[in-house]
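What follows is a set of notes on a single structure, which appears directly below.
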Ligand SMILES: NC(=O)C1=CN([C@@H]2O[C@H](COP(=O)(O)OP(=O)(O)OC[C@H]3O[C@@H](n4cnc5c(N)ncnc54)[C@H](OP(=O)(O)O)[C@@H]3O)[C@@H](O)[C@H]2O)C=CC1
Ligand SMILES: O=C(CO)[C@H](O)[C@H](O)COP(=O)(O)O
């Protein structure tokens, strides 16, 4: 059965019309592209009913009709749940496609799956690329940040479409060709790792304000609102401040107070930490945010241990505490972005992604969940020094970190003294302190390894490896 079918052919097709696919399809239609959709359920019918009059939308309930309606090269974007569904959809459509046709997986697919799919589809003569998308429902509808990576020839076919539908900052589209292979999905995964850390930092700040300083939700909203008018301006700060005033229809209370303190996840944050471990890049702040979601799930154990050890105390505040907290947030936020960029720097080398770090920062300035004023600073840092290993090496960022360091230490020490859990803040300062330690105590680790396992050690004064008979 076809829906709103005509004899017309369509240039781009979307499979998966849920939160993201539906909105991106509407966005494409808004920009005058001739598009059609398909979903395994009857979502196309609902979409046509709601939006069909206002938009030139077509849809097909049968995948054969959907594929058949596309002009060549047939170009299909997938926005279905990541994992085996992507393989199932690819297996369903490839017999209906011809060599040279293009498949774009825009879901949050695991980068190694994208590498596997790229190789397999290339062997079959298809063009394939993995494209990260960020911006949620609103972004997909009115301008997301897009991270396409893989087959460059295929990118040239969809470049105009992607540039048209993406968010714009200073008139420039928030999309760029990221690089070969699974680089698009790797960059999106890293984006989400940073997202986890910033979200957790906002949550820890809420805890400090609420339980440390005794602020109510309105007061917390005001703090975030004030910060959002300054250098901390970001999409996550913006939406978080709104949460504190949102009323629950059911109880009439503020909804935030009615929500369970157990955070869920779909995996991208965990993958970021796992892969960073594989390529030996430390992501202390991001790792702490992944672990914090897991800690949140241990509700019964947390309640039991609160009974045994007691609740956190108040923070004895001085009048500057709020301003110091702003410095601490800035400091910790920088660590999250710096760690993500450091991972990308390493991945570029390790996997041959040839990443342009400035361009990545540039396309994250708009449309995506981690868009923030600070991304302009990151963009400028990598523009000045394209091969910069770490953001902390940038002189202007060094100056800002140095300025807030004393306040940052004071805030984190005060929270820790009061027993308020600040895993990301603590990780941020520890990460910084370790990175600026010229001689770490790791000589002792090597001595221990050699003592119990004859793993050998290296000496400062001579080349080569050595072993000592420690127990003699
Ligand atoms: N939501 C977000 O903010 C973001 C999501 N993403 C990623 O984008 C992808 C899509 O996410 P989202 O839109 O939120 O997910 P949804 O679950 O809202 O939408 C997915 C759609 O795909 C449909 N679907 C499932 N299997 C098939 C199939 N075999 N053939 C055709 N359609 C199918 C689903 O139908 P049914 O419901 O009937 O199963 C559903 O309508 C995911 O990988 C997600 O991680 C990326 C960025 C942001
Ligand atoms: O990609 C996204 C935002 O950028 C998705 O919203 C993703 O689902 C968020 O991750 P999680 O569900 O693990 O919190």
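Yeah, the Cβs are placed from backbone N, Cα and C, and that goes for glycine too.
These figures come from a predicted structure and were not determined experimentally.
Taking TrEMBL as the reference, the stretch among 389-410, 411-432 described by the feature transmembrane segment is residues 411-432. The substrate site in TrEMBL is built from 108, 134, 135, 136, 191, 192, 196, 266, 293, 449 plus one of 185, 455, namely 455. Each of the recorded positions 188, 191, 455 was scored by how many other Cβ atoms lie within 10 Å of its Cβ, and the smallest score goes to 455. In this structure, 108 are the recorded positions from 108, 135, 195, 293, 455 whose C-beta falls under 6 Å of some atom of ligand 1.
In sequence order, 143, 144, 145, 167, 367, 368, 369 are the residues of the chain that are 6 or more apart from residue 135 (substrate binding site) and have a CB within less than 8 Å of its CB.
Per Cα geometry, 108 is the residue among the recorded positions 108, 195, 196, 293, 455 nearest to residue 188 (active site, proton acceptor).
For the binding-site residues shown (108, 196), fewest C-beta neighbours within 10 angstroms: 108.
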